[in-house]
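These come from Swiss-Prot:
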- B:MET49, B:GLY198: substrate binding site (BINDING)
- B:ARG125, B:THR171: ATP binding site (BINDING)
Amino acid sequence: MNVSELRLRFANALARIRATKPLVHHITNYVVMNDTANVTLHVGALPVMAHTTEEAAEMTGLAGALVLNIGTLSPAWVDAMLLAGRRANESGIPVVLDPVGAGATAYRTETCLRLLGGLRVAVIRGNSGEIGTLSGAGGVVRGVESVEGVANPAAAAGVLAHRYNTVTVITGQRDIVTDGGRVLVVDNGHEWLTTITGSGCMATALVAAFAAVEPDFLVAAAGALAAYGLAAELAAREARGPASFRTALLDRIYSLTPEQVAEGARVERLRQP
Amino acid sequence: MNVSELRLRFANALARIRATKPLVHHITNYVVMNDTANVTLHVGALPVMAHTTEEAAEMTGLAGALVLNIGTLSPAWVDAMLLAGRRANESGIPVVLDPVGAGATAYRTETCLRLLGGLRVAVIRGNSGEIGTLSGAGGVVRGVESVEGVANPAAAAGVLAHRYNTVTVITGQRDIVTDGGRVLVVDNGHEWLTTITGSGCMATALVAAFAAVEPDFLVAAAGALAAYGLAAELAAREARGPASFRTALLDRIYSLTPEQVAEGARVERLRQP
Amino acid sequence: MNVSELRLRFANALARIRATKPLVHHITNYVVMNDTANVTLHVGALPVMAHTTEEAAEMTGLAGALVLNIGTLSPAWVDAMLLAGRRANESGIPVVLDPVGAGATAYRTETCLRLLGGLRVAVIRGNSGEIGTLSGAGGVVRGVESVEGVANPAAAAGVLAHRYNTVTVITGQRDIVTDGGRVLVVDNGHEWLTTITGSGCMATALVAAFAAVEPDFLVAAAGALAAYGLAAELAAREARGPASFRTALLDRIYSLTPEQVAEGARVERLRQP
């Protein structure tokens, strides 16, 4: 696939989300639930949050994708994540993992490794410190922020992608997306994204919506990040600060057209050594 | 009551909320807590969230209305809902139920039926799929969205209203409000409401605020929906997308006057066969 | 310290937050989590939420300050608060307590007294009713609102400050900050703050960020309130209602400069009898 083909795939995926309105089941953190529900709705999918073992697996069975986000974790939620994840795996529903704060505490790191070990994860999306921690390449996470990235993000992502047979995404100034073989770089985005909480979680929610309609998860993840970054670029024009940026970001995700994605996606393939 | 009288009752209810600032106790879902707290505050009431069995009933005892919203349920929260609901029933405090996602999973449907069976519910407000499911009239819910409504919403609502002796509300393009005998239709609203998460939950929060001051719950529910829809119509003029619409919606709920409600409420009585 | 010196200390504290990006660990309520995370980020610190006993203490060990906010309490969260608070005490990390709704239910009042009794609390910030309740001076809390303040706020705050050796803050039209000896009054702020949920919780979050960099907690608390109030004054110019005010408030916290604080802080020392 060359860049033109990729852009077209991204645009088609967005169009397909709008046409089919896939249900995206989120087991996610309290801080960002409202934002990620809205982002899911604005891009054209249907969000639902259901976190108790009494219904998590049943809800997943109805969904087109499952988000597992460990931002505010507790043991009961991990149980629900495992149940929902297994149901997703049985039914061929893609699981998208957001390892919020992996590396900051042992509990977060261990939970991520447990989820990665026990489930087939379609895509894992984190910052440089989180993915660095999980890959063993290093990186330092303070709270939920990457305060020290890895020297070679593509290599760290590749290690994780190989080990768990999962598309691995490191978002940052340049977003890296790899399945262990192919490596895509997405350059859409805006620095305002670093000023709001949950910007990574919203990216993950969009990756899930795209993965619900695009079976090549490398393409799905890169397409979601291009769309998100593009909306951020448009939103930046309306921003008077981080909160008005966030409002504009959500507005622009809603109004983003497949045509804008086809024209504005800045993606390239990285040559591997 | 004719339409002019209804509009006046709606306006008076809003004025009474502003004058008496009733406490509205919400046991509700994580996704919308911030929005529903703000909507309660902006309309003139006082919101409080308290979900643990250690204090739920005591908090309800201080309140003018109780919201039970099952959007992100777990067994401990259901226990608190039942305790709080019983206290509300003992003290004559109206209980307003939002059956978010009833029909999507067995747990949600069963919990709603358990709450309806164990408590006197003043008003139940849902979408067409949720009320259709609970009434047995059909309807399909995917996640929390009604993807297939019932053929005759007023009839489905009437069945539920009769069975549980509760005012039943189906919100949609036209809002149906019935106590099993009288049927009101409210035509205020705007399609932007369908683009944001929690728009139904916010409607429920307003119904509770109105029910705290208006003992005819049919009038309370219809008045809340007229006020909400009117605020949405005003907000639509400021919207550049769903998020700026939401900001404007909250702003306009705050600034809405009883006079605007008396003039702008679009309500009619439906003749029953 | 005279007023000019205080203003300079406030400005320096803000500059130090921006320079050192302290981690602020919040164990807080569901309603305001998104707002308090954003406020923490916008002022220049790093927020993290972690509420389970499996990781709460470990996360606190990495932090520059710990917020304990009882707005939506349950026993498991109280356990985590105590564990995290003890770790904070062992490591000299300031603990900032927000007694949301103390006085409304026995559970909230008792939990606050338990936290105050079991932990060294650097700053407690509440409204007049909450602090009045905890000090024994009276005051009435309905839900989370102070519906009847105490006759002499500075005296009530002083009692609590003495009893628990903690800086005590009552926010209101005039903010009172006392360590039992010194009393500061901060007059920044805007009445729009009373129209949004979580405005007190956001103040508490900022107090924690300031306490992470300013070891005189009286100065830290007063500085945070001056900065917050100043941002509110600036935001009021952009407000068309409470929700657009909130957006502007967050925007202005982000853009607030140490120079603006040095010039705009309205603080004075109250002469004690």
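Just so it is clear, glycine is given a Cβ too, placed from its N, Cα and C backbone atoms.
Quick caveat, the model's predicted, so the values are computed rather than measured.
For the pair B:GLY198 (substrate binding site) and B:THR171 (ATP binding site), the Cα-Cα distance reads 13 Å. Taking 8 Å as the upper bound (exclusive) on CB-CB distance to chain A, the binding-site residues B:MET49, B:ARG125, B:THR171 give none. Contacting chain C by the Cβ rule (under 8 Å between Cβ atoms), the binding-site residues B:MET49, B:ARG125, B:THR171, B:GLY198 reduce to B:MET49.
Taking all protein chains in view, 28 other C-beta atoms sit within 10 angstroms of the C-beta of B:THR171 (ATP binding site).
A straight line from the CA of B:MET49 (substrate binding site) to the CA of B:THR171 (ATP binding site) spans 24 Å. All chains included, 30 other C-beta atoms sit within 10 angstroms of the C-beta of B:ARG125 (ATP binding site). Residue density at B:MET49 (substrate binding site): 27 other Cβ atoms are found within 10 A of its Cβ, drawing on all protein chains shown. Around the Cβ of B:GLY198 (substrate binding site), a 10 Å sphere holds 27 further Cβ atoms from the protein chains shown.
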